[in-house]
Amino acid sequence: MEMPMPPDDQELRNVIDKLAQFVARNGPEFEKMTMEKQKDNPKFSFLFGGEFYSYYKCKLALEQQQLICKQQAPELEPTSAMPPLPQPPLAPTASLTPAQGTPSMDELIQQSQWSLQQQEQHLLALRQEQVTTAVAHAVEQQMQKLLEETQLDMSEFDNLLQPIIDTCTKDAISAGKNWMFSNAKSPPHCELMAGHLRNRITADGAHFELRLHLIYLINDVLHHCQRKQARELLAALQKVVVPIYCTSFLAVEEDKQQKIARLLQLWEKNGYFDDSIIQQLQSPALGLGQYQATLINEYSSVVQPVQLAFQQQIQSLKTQHEEFVSSLAQQQQQQQQQQQQQPQPQPQPQIQLPQMEADVKATPPPPAPPPASAPAPTIPPTTQPDDNKPPIQMPGSSEYDTSAGVQDPAAAGPRGPGPHEQIPPNKPPWFDQPHPVAPWGQQQPPEQPPYPHHQGGPPHCPPWNNSHEGMWGEQRGDPGWNGQRDAPWNNQPDPNWNNQFEGPWNNQHEPPPWGGAQREPPFRMQRPPHFRGPFPPHQQHPQFNQPPHPHNFNRFPPRFMQDDFPPRHPFERPPYPHRFDYPQGDFPADMGPPHHHPGHRMPHPGINEHPPWAGPQHPDFGPPPHGFNGQPPHMRRQGPPHINHDDPSLVPNVPYFDLPAGLMAPLVKLEDHEYKPLDPKDIRLPPPMPPSERLLAAVEAFYSPPSHDRPRNSEGWEQNGLYEFFRAKMRARRRKGQEKRNSGPSRSRSRSKSRGRSSSRSSSRSSKSSRSSSRSHSRSRSRSSSRSRSRSRSRSRSSRSRSRSRSRSRSKSYSPGRRRRSRSRSPTPPSAAGLGSNSAPPIPDSRLGEENKGHQMLVKMGWSGSGGLGAKEQGIQDPIKGGDVRDKWDQYKGVGVALDDPYENYRRNKSYSFIARMKARDEFSTFGTRKEEKED
């Protein structure tokens, strides 16, 4: 294949040459990055199949060949200084393999294939843009043609549409509708008006109110079209209703979509459109796509030339790719023929093309290293030319070395190069091999696995090498929580970390960040600590008889992005199922644990802060109780410990409003569902204790990423995180209600029995007292008994009034206590006034806000919204308060009438006295007539 002609523009040629050099050095990733950054730059059109694409590809192939020669030239220099060696009677050796990282022919073909796909996608996107532009231009030309035919003044139509957009009043909609019906003289007139509405609604800068108000206008026009049988205008609106509705529906959020969806239900109910249009409106995305396809078919004369031009361009790119592949195949054939014609023991210094992957696979593996105790032999006859090359020490390879001694660099010469030592010294800057790998096509098993627990090779993540400096960036604190060396938990043995990982809080020399009376900032870690997660199977679980690492769980959940935290080690087991224990023992045992997502993330760095009960770092908290760590592990896993309320070390020394809110949780019973005041004296601090497996599982589940089984809500919290708790809460509440209903009849029976007993006792007492009393007393008593009988309404009529009143007061003695209990509720402290303050809550502003419908209507009618009501703001400013309780004769008086009028009060008092006099006169007259009758 001949070299294509370079561009005449020297600047463009320099750009192509420089880019070919950079891509040859840095690999195809650099080309991808350049294509993404320069996709809109016309100078880089050769990357997307432009005019000089073939010149760029040939230049790139030449640069890659030159890079291969430069990389292999230093490897041939030691062979020229060596004496000639006798040729063994063996088969001719294969030519020198290309250096690792140099693209082979297959890679070049794949790179060209990927480039072809990218260019094709880019051309398809450009084709779509040009087709859309061509269709829009054709539609605009059609509108201009209709405008010339009808001679309608569309500016007058716009003047009528503007009030509809601004206020959407009935008068504005009626004016727009009347103008449309008065100008709907012919089908072109109707198409022009409908097309104008479509252009206004589907414009890119149209806001939601504009679209919604104009759709209201269309709805009114459709209604009158059906009433007046205006078929031409109805047919014109049917053509444009799909893009109008679908564009407006897809451009807004869900709450605004409901307003538009109501119109669709109305249209479907009234039968304005046929079934095909209704189906397109019910699925807006599909309907909009069908409408665009209809436009392409309608304006095919404009669209076909654009599509044909792009198809030709894509076909030319495919042809160039096929020519490039055939050229590489021909060069490979020529190279193989040259190798068969000129067999030589040593490779030639000049290699024109990269080797095939098959040649790389045919090269024999490097010889195995001899034992270290054997002396270094002299150069054997079959020694390869690059055996004397000094080994390249790779960074990070020492991490996998399990031997205690240091390798002798002099012993590496006769041993031969390792699999990671075949890297040329002048490797390109983009080539970086962090781990030792074998050459292409060779699967060389390791002589001895670096880890005794893994026979298949080293794990993906290197060990920490007994140091946490590189991960955390600063030292950790002392093993004690509060800096006390003589604490009862400091004399216990360290956990077993299998000699690979050091204890996370051992061998420290600086004061702990959570100790002392002053808090220090948390650790500045680049990634979360791995010791908090589950342990790999080749390690033993640490003994949890050490003081726990302090945490602070009073934090918001982190950002739920997968990039924030590294993936978990592949050998680590999944976390424990997060099932939580309830102190009342009402855990839903029939519900299994939720599924856990395998790609969970590690705990957040902010979790390393201290809890408020972690020793004397806060001067107001008491010290941890002695011997808290003496429980065996199987006792610790049984659930929450029993808190001794008499322990003085658990009583907080600060006000209750300075304590964490979580300390209220033990005081609220599971069956409680109504407000009950809590006594601050009952609050106790949790005793210090090692974290249980359930607690660790809960923390792990809290910081794990969202999954299908555990979705998140809009604020980032787990959707069903408290499902088990709410389920247990509802069960306890239901059980309590059932018990209350079951115990209801028995309680009423006991009350009636006690009521009967008390009445019998009181009746016996009253009978005894009545015998010893005089007649006058009994008369007065009987008079009082008649009054009390009318008041008490007791069931028993055999006993006297005093006994009835006594028995009633005794049997009903529970009601005042209930009232007293309800009055003794502690009021909830106001949140606005702040905790511990006695100031009254602020008086809320009684004026109506802008979200009030009445406020909005008054603004539309010309009210400024700042002063009183009315155009001149002469009315009241504050809204009318709610009506107070009035007397019967005042309840029909209007708003603003003074109820404390002195004249009205005087008149009312006089009426009271007049009525009293009239009643007294009537009584006196009736008494006099009775007396006269008796005398007679």
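Glycine residues also receive a Cβ, built from the backbone N, Cα and C atoms like all the rest.
Not measured: the values here are computed from a predicted model.
Taken from Swiss-Prot as is:
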{"type": "COMPBIAS", "residues": "81-91", "note": "compositional bias 'Pro residues'"}
{"type": "COMPBIAS", "residues": "330-355", "note": "compositional bias 'Low complexity'"}
{"type": "COMPBIAS", "residues": "363-383", "note": "compositional bias 'Pro residues'"}
{"type": "COMPBIAS", "residues": "395-405", "note": "compositional bias 'Polar residues'"}
{"type": "COMPBIAS", "residues": "488-500", "note": "compositional bias 'Low complexity'"}
{"type": "COMPBIAS", "residues": "534-550", "note": "compositional bias 'Pro residues'"}
{"type": "COMPBIAS", "residues": "551-560", "note": "compositional bias 'Low complexity'"}
{"type": "COMPBIAS", "residues": "561-572", "note": "compositional bias 'Basic and acidic residues'"}
{"type": "COMPBIAS", "residues": "594-603", "note": "compositional bias 'Basic residues'"}
{"type": "COMPBIAS", "residues": "748-758", "note": "compositional bias 'Basic residues'"}
{"type": "COMPBIAS", "residues": "759-773", "note": "compositional bias 'Low complexity'"}
{"type": "COMPBIAS", "residues": "774-824", "note": "compositional bias 'Basic residues'"}
{"type": "CROSSLNK", "residues": "LYS853", "note": "SUMO2 cross-link"}
{"type": "CROSSLNK", "residues": "LYS881", "note": "SUMO2 cross-link"}
{"type": "DOMAIN", "residues": "850-900", "note": "domain 'G-patch'"}
{"type": "MOD_RES", "residues": "TYR723", "note": "phosphotyrosine"}
Measuring Cα to Cα, tell me the gap between the residue listed as 'phosphotyrosine' and LYS853 (SUMO2 cross-link) in whole angstrom. 39
Secondary structure at TYR723 (phosphotyrosine) (DSSP, helix/strand/coil)? helix
Cβ atoms other than its own within 10 Å of the Cβ of LYS853 (SUMO2 cross-link), all chains, total 8
Translate the DSSP assignment of LYS853 (SUMO2 cross-link) into the three-state scheme. helix
A correct count of other C-beta atoms within 10 Å of the C-beta of TYR723 (phosphotyrosine) gives 13
